[in-house]
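To start, the structure itself, in structure tokens.
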Amino acid sequence: MALFLVWIVVSVVFLLLHLIPGDPAELLLSQGNVAADPQAVAALREQMGLNAPLWQQYIDHMTGVLTGDLGASFRDGAPVIEQIALRLPRTLEVILAASLIATGIGVPLGTYAAIRADGKADAVISFFASASLSTPVFVVGSVVILIFAQKLQWLPAGGFTPFSEDPLEHLQLLLLPACTVALSLLAVITRMSRASVLEVLQRDYVRTARAKGLPRNPILRRHVVRNALIPVLTVLGLEMGTLIGGTVLVEFVFNWPGLSGYLVAAVDARDYPEVVGIVMTISVLFVFLNLVVDVVNALLDPRISLVR
């Protein structure tokens, strides 16, 4: 089913790209307001394979995908798979860091709000969760740049330094994008953790542990939080699409050289192989991350089966 969904997404994107106005060959050959020579455009279209029927282009491209060949860029002839392999780890860095930040802060906040249900702390946490959930990531990114990079000058505003060259600077440049992406996910995890902990606190085995006189903290660690994590991780898997989309936007804001800049340039140039390759990569990434969440859920609760 997962592979079928990836195929559907790639096929729809392939079709939509060919419906968008604009000729890739003409865009490449045009210089400013000077129109490209029609003969040169026709020759380049033939070289790109754009003169073939649409169904033939689709079959040729999908055949290449099945053999691990995503084609070559229309712009510079570079293999698409090599360009994606260069940028994908950078996008994964932001996603992983954002997930760790959101989970590491959201679960304790949600648990504390549940313990203090209907109190002042619960109200404050719920208010900030709702506020952060309703704020677009590009707005959050602009605000954190203004505060932490320009006003306080604690962190750089954006850019990229390879980890191998300067690990500390790399982590400093990663922190703001990761926190920006994490904010909306943090709100979801906080609210879900609160609801899940409240539900677990009402279960019989927790009441029994309390009746036996066990201290609150061991009950929370051994019985409440572990069981409350399962629905939280399920929601985390469902939010992966939003997380990936937010990462693409945030990379653009912070000039982080992941898949976002590559995707924007590819769409602008109507570079079909690049756009289809990037979309397919993002689709596979979404499926893979959900699979990881399913595996972690199964480890937390053996009653959950991985067999579909």
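Note that Cβ sites are derived from N, Cα and C of the backbone, with glycine treated the same way.
Unlike curated entries, TrEMBL annotations are predicted automatically.
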- request: From the ranges 4-31, 228-255, grab the one TrEMBL calls transmembrane segment.
  value: 228-255
Statement: Per the Cβ under 8 Å criterion, with at least 6 residues separating them from its ends, the transmembrane segment (275-300) contacts 2, 5-6, 9-10, 13-14, 17, 61, 65, 70-71, 80-81, 84, 88, 92, 95, 226, 229-230, 233-234, 236-237, 240-241, 244, 248, 259, 262-263, 266-267, 306
